[in-house]
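Engineer: What TrEMBL records for 78-88 is disulfide bond. Taken from TrEMBL, the feature domain 'SRCR' applies to 17-107, 110-205. Summarising the annotation, TrEMBL assigns transmembrane segment to 320-340.
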């Protein structure tokens, strides 16, 4: 393989800005060209400036910006519509020789379309502002290429891929397979123009939406149920509570497993949810609760885990008490006018 072929994936998207020291072309410390490549001080741009920078680098939206400051102290004053960071007005000296520099992560310009979510579907790559399907240099798509795509998407590991030939013939982006062992899809683009009716359908391991765990507490004789979705909640000894596991509709079926201090419990998913009732809160119920959603699809077993919720024993949390009082107050405000109306009606009847 010749030197020129080995160097072909190297892209120079912008002549004035770049990100260095990151995991790819779309993350790292910001440098600008000022007779030489020079670092930009921390706090030099805000979110709008980061959006301009990511767009100039042909990356996705910014997902991380370290060192953002108020407009008073920033170097670049972008409005968000600029095509290049250097087009933005600048206030202070735009570079620094020491101290921390701006660190930014833009999302990779990769997506899966036509699937059940962001981690399955037809692979597309954006380059030069244009979204296209993807083909490899050897025209064979393997789990290695799938792994690179899933990695770029933040969707876990590769599960399966399926090559399809039923698309209208159109321009596609080619990627160099040998490059994908250590680089992103975008870094491995071949600059040769190509058209094809081929596409690849991918499935990554983080296919399922993350389930939601919520706690419904029955308080006192009023049987008022309060739903909370927080990191921790305090419940009185002897009270009744219900743990609800739910997931945003994506696929039918599946089951929910509740991991709890008193043991693990499993129920089938009905309308994308399951309810686990605990009638009498005791010391054995104190601890962490997690919902795990299980589903068999694409001839593969998938799981997705919720955020953890901690159940503590003792007096009710103040926010829970406030919610209960608010619900009781709303009920009284609703019932009292009805009571008065009925009372007035009965008086009229007595007069007759």
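Just so you know, the numbers here start at 1 and follow the chain as drawn.
Any Cβ shown, glycine's included, is placed from N, Cα and C.
For each listed feature, how buried is it and what is near it?
Structural biologist: Under DSSP, residue 78 (disulfide bond) is assigned to coil, being neither helix nor strand in the three-state scheme.
Looking just at the domain 'SRCR' (17-107), the mean pLDDT is 82.
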Engineer: Under 8 Å Cβ-Cβ from residue 78 (disulfide bond), six or more apart in the same chain: what's there?
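Structural biologist: Those within reach of residue 78 (disulfide bond), by Cβ under 8 Å and sequence separation of 6 or more, are 45, 46, 48, 49, 51, 52, 85, 88.
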Engineer: Under DSSP, is residue 88 (disulfide bond) helix, strand or coil?
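Structural biologist: It is coil.
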Engineer: Taking helix as H, G and I and strand as E and B in DSSP, count the residues of the domain 'SRCR' (17-107) in helix, strand and coil.
Structural biologist: 13 helix, 28 strand, 50 coil
Engineer: How many helix, strand and coil residues does the domain 'SRCR' (110-205) contain under DSSP?
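Structural biologist: Tallying H, G and I as helix, E and B as strand, the rest coil: 19 helix, 50 strand, 27 coil.
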